[in-house]
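Q: The structure that follows is given in the form of structure tokens.
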Protein chains: 2
Amino acid sequence: MTDIVKPSTLPGFMELLPREQILFNEMLDTIKRNYEKYGFLPLDTPVIEKSEVLLAKGGGETEKQIYRFQKGDTDMSLRFDLTVPLARYTVEHFSDLSFPFKRYQIGKVYRGEKAQKGRFREFYQCDIDTIGNEKLSILNDAEFPVVIYHTFKDLGFDKFVIKINNRKILNGFYRALEIEDTVSVLRTVDKLDKIGVAKVKEELLEIGVSSENADKILDFITIDGTNAEVIAKLESFEIENETFKEGVAELKTVIECIGGYGVPESNYKVDLKIARGLDYYTGTVYETELVDYPEIGSVCSGGRYENLASYYTDRKLPGVGLSIGLSRLFYQLNQAKIIGAKKESLTDVMVIPMDDYEMDSIKLAAKLQEAGIATTVYTEKAKLGKKFKYADSLNIPYTIVVGENEVKTGEYAIKDMVKQEQESLTVEQIIARLK
Amino acid sequence: MTDIVKPSTLPGFMELLPREQILFNEMLDTIKRNYEKYGFLPLDTPVIEKSEVLLAKGGGETEKQIYRFQKGDTDMSLRFDLTVPLARYTVEHFSDLSFPFKRYQIGKVYRGEKAQKGRFREFYQCDIDTIGNEKLSILNDAEFPVVIYHTFKDLGFDKFVIKINNRKILNGFYRALEIEDTVSVLRTVDKLDKIGVAKVKEELLEIGVSSENADKILDFITIDGTNAEVIAKLESFEIENETFKEGVAELKTVIECIGGYGVPESNYKVDLKIARGLDYYTGTVYETELVDYPEIGSVCSGGRYENLASYYTDRKLPGVGLSIGLSRLFYQLNQAKIIGAKKESLTDVMVIPMDDYEMDSIKLAAKLQEAGIATTVYTEKAKLGKKFKYADSLNIPYTIVVGENEVKTGEYAIKDMVKQEQESLTVEQIIARLK
């Protein structure tokens, strides 16, 4: 007799029941389909990498959270994002790639975070990035909101806003105000939506910004209006700072091109408040908000970076990218019951054999399958009620019972499990009905 | 200045270039589509599990190969197959599942094997299993060759044979011969295709089988003919052993039902030689051979097992399943240049702007995308030749150059990159042509 081990997963590791998994996979497929449609190439890198490669950048929170271990003489780690593997991949396979290199990657990443509701230690990231060789046109920055717009529409959302800003505008503006510590200002201003204007001003004063400048900053970042109006206001600012001007010109191009791609004005918006972290992004930045669920926070973020892979190469590889954190998004949407699968079952029909009509059931199933209808045969001995209950528990929309009468007449009673209605049809009629 | 780390992956970890990845994903999608079509529910379990859960069965080669590590107080391991996670999942979520529980799982598994050509430490398994609660009809065993037949057909193969046997037949036969050590005999006989009849007989004598019995065994396992002929021969055997008789009856049902599902006789075959390992499988066993590439070995194997999860529960959970080891299969097919993607590019059209016609190019691209045509815009400043070369390197089948003339006339020169032919068409004509 073996000892029984209690089967359970580790805390912080998401695992779904089949009906939830169907929904999750539907979202994953929608994202993948859109990424591919806009010319992003698929990539799949190992989950395990050499620690020295993965941690080349080193330091910070990440290093503490990483799953790192030794096997034989090898020091290895699980990837904690898809960006570092992209950097490694791009440099390692540089001569085999064509630039701009547009790739997507959907995969699991690992972070040993403190376990808490809605935070996962294993989670899916869905990344798209475009990498240039030495340089990369600003036109690329316009493509990402377009892809995300179509992705979220296909995911079933209408009311979402892709917020767009440009870090050069912020940096240039702060420098024009002769503020030295722009990083601290950015960090403080980033809290505006959370803590409000008064608190932000207070904190700005604390870090040594003058009251006059604090007011100017707050006036500036809360500029509102249509995209064209905000751009026009920015252009009218008499700020003699090249970085600022460059940022405004870039933002203008990005906003105009997104319009050119046909994205409705209501789904993308210049928002001078967003800054996205502190050192990685250098130009365009994006955040995406579900209008009716602002509490979820940004569901898709990213931006432009100067250099993807300085830890692996002297070559300059500028890039721009976006990421959807699908596990967290799914968890929140599912908890809030915001989403439902288009189809709750991947199977269209269950054929239920009466005793001794197993072979006839199989032959009927084969005909339906041949016609492209996802069909399964109930295989076990059981009372009819139990068989129907099984089909119901799997949300299978149609059942067909096969017995003496059906085989004789060639007409099969097909039951709509939702409407609880039944109809006698030939195989051809069933196929026509279900296709 | 940061130190440069040489970017590279660990040995034994497969990583593909984009055009190979397109092909790999196409295969993965084909497998997934077929698994779903036959009623298998999707599952996705964590890559990391508690070591005590994953290694509950313990012992053997597996334990040496496992990636096991500590994080905080937790002893965790990477999954080395998808069967142990299935067992854990089925017991953990038992009350939420409907039985027979048909599930598929496609995912990466990890084994720290000795690195060698064509063997991987991270590789994809594509599993389907049906699990019963206490009992499971033999009809289920017939479904797996049907799914695999359609999967391999859709993968582009015609000449493959799914070999089917039943362990009860072998065990019953050997017991009828009063052979005690059936395990050693099975292991020896399993080598027949590799070492031939004479060598197998020699080894049988060495392990104490009488010459008469050795001849009987060799006669028996090399029985050949159509499936019906082999079954008829087995039924005519005067062997008074219940296990043998049960095995023959099961095999007969399986073979007849596969026929009922419409699988051609040339693609499935009773083969009394196959036994699949030594203790896990207890009834039906499967192996699949690509007829023109026998050197690849079995590309898809599995069988019936008595009890999925005895380490986690006292409940009896019989099951039957099959697995495709996709990474290894892909590697071998790719090396032998047996396979090619249906589409070498996921992008249909690249729009190439002349200087200052970026916005017009974007608007054209948007129209094509709207019509469902996967379109990308070339974004960088470069000579026209370089732009065409880029499209070519990505195998994009069509390019459209947009400049003054095109915008004026509304007619665009669309170039077939394979035929190197060009034609002037309106947007509507282009859409009609490409759809």
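Cβ from N, Cα, C; glycine included.
According to TrEMBL, the protein carries these features:
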DOMAIN    B:23-353  domain 'Aminoacyl-transfer RNA synthetases class-II family profile'
BINDING   B:ASP81, B:LEU82, B:THR83, B:ARG111, B:GLN125, B:ASP129, B:ARG276, B:TYR280, B:TYR281  L-histidine binding site
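Tell me about the setting of these features in this model.
A: The predicted model assigns the domain 'Aminoacyl-transfer RNA synthetases class-II family profile' (B:23-353) a mean pLDDT of 93.
Proximity of B:THR83 (L-histidine binding site) to non-local residues of its own chain (separation of 6 or more, Cβ distance below 8 Å) is seen for B:ASP127, B:ASP129, B:LEU308, B:GLY321, given in sequence order. In the three-state DSSP scheme, B:THR83 (L-histidine binding site) is classed as helix.
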Q: Tell me which residues of the chain lie with their Cβ under 8 angstroms from that of B:ASP81 (L-histidine binding site), as long as they are six or more apart in sequence?
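A: Correct list: B:VAL109, B:GLN125.
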Q: I'd like the number of other C-beta atoms within 10 A of the C-beta of B:GLN125 (L-histidine binding site), please.
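A: Other Cβ atoms within 10 Å of B:GLN125 (L-histidine binding site): 20.
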Q: Among B:ASP81, B:LEU82, B:THR83, B:ARG111, B:GLN125, B:ASP129, B:ARG276, B:TYR280, B:TYR281, which the record lists as binding L-histidine, how far apart in Å are the two most distant Cα atoms?
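A: Result: 22 Å between the two most distant Cα atoms.
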